[in-house]
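I have placed the structure first, in the form of structure tokens, so that the comments after it can refer back to it.
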Amino acid sequence: MASASCLSLLLLAVLASSASAQLSSTFYDTSCPNALSTIKSAVNAAVAQEARMGASLLRLHFHDCFVQGCDASVLLADTATFTGEQGAGPNAGSLRGFSVIDNIKTQVEAVCPQTVSCADILAVAARDSVVALGGPSWTVLLGRRDSTTASLSQANTDLPAPTSSLSQLLTAFNNKNLNPTDMVALSGAHTIGQAQCQNFRDHITESNINPTFAASLRTNCPASGGDTNLAPLDTTTPNTFDNAYYNNLMSQRGLLHSDQELFNNGSADNTVMNFASNAAAFSSAFTTAMVKMGNISPLTGTQGQIRLSCSKVN
């Protein structure tokens, strides 16, 4: 009887551990020991060629994890018989870096055929992009597998919009088990990258923007036309991953409405002030939040597959 109950407890423990996806930093240590170095050198080359690519790769990982979890569903291209996520409002005409990921996947496949998932490549490339632009490093947990499905509808509902209010941002992140500090820290990814005029045109005319900053933006983002004209999300150090984003917010120089919402007499103000004055606090919160985000509903074990090509299912 005792051994039977021990066995059932053991079975419960096994079931519990398989249910709470066990990602591991050493996942490829024996199956593909050169995976991480291969990804890193490819990311470094891409970012050296175009600094903005670092932000684009980081954003791909974010847009992947917020829809169906970190399963590389965002990389699946539309076909005649398959609708992916790339045509969703938050993704269409702005997601980029697919060719860089394809190039990395080709290099990794050459070293270790059908071993390293596209989902893991996205997670590692995001970290390596941040490091390449002068930001903090963190240990990426690995072992995600790739989805055979995607969700256009979830991409349209679950990714926060540039027009989001503070409460909408808090809800969108809370829905993914990310707390207010995680949300403010992850928003700090806007210390790099650029946004299109159509996503900040309305904010230029709002009351909580520095008038000089608004005037400078208007030259490249007129009231009509120029929808895809770009402006840096961090006007101070656009290609350096630092905490300048938060200092910009404190001087009402947030590019997007959703950026300035973080410092607009609301519940996030104190966190913004802390990150603005304490770069180490930001780095610590950002890396913690990245690990949490990378752990959203991964496919593990025998779930999903290891795609041979990131843009299509096997």
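Glycine is treated like the rest: Cβ placed from N, Cα and C.
Where the annotation comes from TrEMBL, it is an automatic prediction and has not been curated.
Positions annotated as active site, proton acceptor by TrEMBL: His63. Residues or ranges marked as Ca(2+) 1 binding site in TrEMBL: Asp64, Val67, Gly69, Asp71, Ser73, Glu85. The substrate binding site feature in TrEMBL is assigned to Pro160. What TrEMBL lists as heme b binding site is His190. Residues or ranges marked as Ca(2+) 2 binding site in TrEMBL: Thr191, Asp234, Thr237, Asp242. The disulfide bond annotation in TrEMBL covers Cys32-Cys112, Cys65-Cys70, Cys118-Cys310, Cys197-Cys221. As annotated by TrEMBL, signal peptide applies to 1-21. What TrEMBL records for Arg59 is site 'Transition state stabilizer'.
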Using C-alpha positions only, work out which of the recorded positions Val67, Thr191, Cys197, Asp242, Cys310 is nearest to Cys32 (disulfide bond).
Cys310
Using Cα coordinates, what distance in whole Å links His190 (heme b binding site) and Cys310 (disulfide bond)?
26
Cys118 (disulfide bond) CB neighbourhood, other CB atoms within 10 A:
30
Distance, Asp64 (Ca(2+) 1 binding site) to Thr237 (Ca(2+) 2 binding site) (CA atoms, angstrom):
26
Using C-alpha atoms only, work out the spacing between Cys197 (disulfide bond) and Gly69 (Ca(2+) 1 binding site) and round it to an integer in Å.
29
Could you state the whole-number distance in Å separating the C-alpha atoms of Cys118 (disulfide bond) and Glu85 (Ca(2+) 1 binding site)?
15
What same-chain residues, at least 6 away in sequence, bring their CB to under 8 Å of the CB of Asp64 (Ca(2+) 1 binding site)?
Cys70, Asp71, Ala72, Ser73, Val74, Leu75, Ala119, Leu122
Report, as a single number, how many Cβ atoms besides its own are within 10 Å of the Cβ of Thr191 (Ca(2+) 2 binding site).
28
Spatially closest candidate among Cys65, Gly69, Glu85, Cys310, the listed recorded positions, to Asp234 (Ca(2+) 2 binding site) (Cα to Cα):
Cys65
What's the CA-CA gap between Cys112 (disulfide bond) and Asp242 (Ca(2+) 2 binding site) in angstrom, rounded?
35
Counting other Cβ atoms within 10 Å of each Cβ, which of the binding-site residues Ser73, Thr237 scores lowest?
Thr237
